[in-house]
Amino acid sequence: LCYSANQSEMERGNSTVVTEFILLGLTQSRHVQLLVFVLVLVFYLIILPGNFLIIFTIKSDPGLTAPLYFFLGNLAFLDASYSFIVAPRMLVDFLSEKKIISYRGCITQLFFLHCLGVGEMFLLVVMAFDRYIAICHPLRYSTVMNPRVCYALLLALWLGGFTHSIVQVALILHLPFCGPNQLDNFFCDVPQVIKLACTDTFVVELLMVSNSGLLTLLCFLGLLASYAVILCRVKGHTSEGKNKALSTCTTHIIIVFLMFGPAIFIYTRPFRAFPADKVVSLFHTVIFPLMNPVIYTFRNQEVKASMRRLVSYHMVC
């Protein structure tokens with residue numbers, strides 16, 4: 001009997017006992033759940049088609065072939081893909097009494113969340129580099145940002161997101177989960193999943209913070225520094241060139257704050273729960289990703305004009 005008990009304990013320590021997680025959701029109030037459900041659904045159905053319209057416009061207009069629009073189309077694609085990771089399941093869970101996600105489903109959701117999220121962070125860095133070359137070194141722009149370089153940068157950011165996400169998942173897969181299995185969130189993310197591990201997670205939390213938090217903070221500070229340099233360089237430009245550069249940089253800075261602000265709040269501190277965590281996560285995973293390309297498009301005259309021509313053409317046809 002003692003041998004069987006010891007063997008059972010050893011198996012428990014070496015395997016994942018928990019096969020599913022219970023999501024506690026955004027709130028326990030039924031009325032608030034329904035209100036958020038309606039707001040998110042309306043927002044989702046309005047903004048998501050806008051992202052696909054941006055992609056279709058850039059692909060179909062031969063006048064939008066500059067690297068700036070190439071990266072904008074990829075930003076819209078990444079944001080649209082990112083919005084499919086959390087929002088659809090969250091909308092279904094709002095109408096369900098019991099919100100359950102399997103262990104594999106949880107790990108899969110976590111993987112794609114970080115893969116696409118970090119890929120988008122790197123894309124914003126690439127877009128900042130593109131604007132720096134265009135504004136500070138315009139004569140070298142066509143040589144530096146040629147199609148081959150653009151595709152190489154795109155491949156690099158995808159590989160960077162994939163590598164980061166693999167590291168995150170690998171660290172979690174080594175943790176034993178033997179109960180409890182309630183995640184205090186509406187989706188699977190690193191801070192909540194780590195809390196449920198049946199072992200001391202201090203070292204893992206430290207690795208996660210250095211992996212996600214430090215990476216996010218360095219990208220954020222690097223982007224702010226790069227745009228500060230660009231804004232200083234445009235002081236000597238003509239009025240028209242200065243206004244266009246200021247408009248572009250202002251738009252990029254707005255997107256950087258929307259993207260990095262919540263990420264820094266979530267990942268650059270020890271994994272302790274705060275009252276604002278769920279609200280920040282909602283904006284970070286559902287609201288802001290869909291808004292980023294739309295904000296950029298509303299401030300870009302060329303893309304807006306192309307979209308109007310495209311819509312008018314199809315309405316006439």
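Backbone N, Cα and C define each Cβ position, glycine as well.
The transmembrane segment annotation in TrEMBL covers 34-56, 68-87, 107-129, 149-173, 214-234, 246-267, 279-298. Per TrEMBL, the feature domain 'G-protein coupled receptors family 1 profile' maps to 50-296.
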- Residues sitting near the transmembrane segment (246-267): Cβ under 8 Å, six or more positions beyond its termini, same chain? 117, 120-121, 124, 127-128, 131, 189-191, 208-209, 212-213, 216-217, 219-220, 223-224, 227, 230-231, 234, 276-277, 280-281, 283-284, 288, 291-292, 295-296, 299-300
- Item | Cβ contacts the transmembrane segment (279-298)/the transmembrane segment (149-173), at least three under 8 Å, sequence gap 6 or more | no
- So which residues does the transmembrane segment (34-56) touch in its own chain, when a touch means Cβ under 8 Å and the partner is 6 or more beyond its ends? 26-27, 72-73, 76-77, 79-80, 83, 87, 90-91, 94-95, 282, 286-287, 290-291, 293-294, 297, 303, 307, 310
- Message: Short question: most Cβ pairs under 8 Å with the transmembrane segment (149-173), which of 68-87, 107-129, 214-234?
- Response: 107-129
- Using a Cβ-Cβ cut-off of under 8 Å, list the residues of the same chain that are 6+ residues beyond the ends of the transmembrane segment (68-87) and lie near it. 40, 44, 48, 51-52, 54-55, 58-59, 109, 112-113, 116-117, 119-120, 123-124, 126-127, 130-131, 134, 150, 154, 186-187, 285-286, 289-290, 292-293, 296-297, 300, 302-303
- Item | Sequence-remote partners of the transmembrane segment (214-234) [C-beta within less than 8 Å, at least six residues beyond its ends] | 118, 121-122, 124-125, 128-129, 131-132, 135-136, 164, 241-242, 245-246, 249, 252-253, 256, 260, 263-264, 267-268
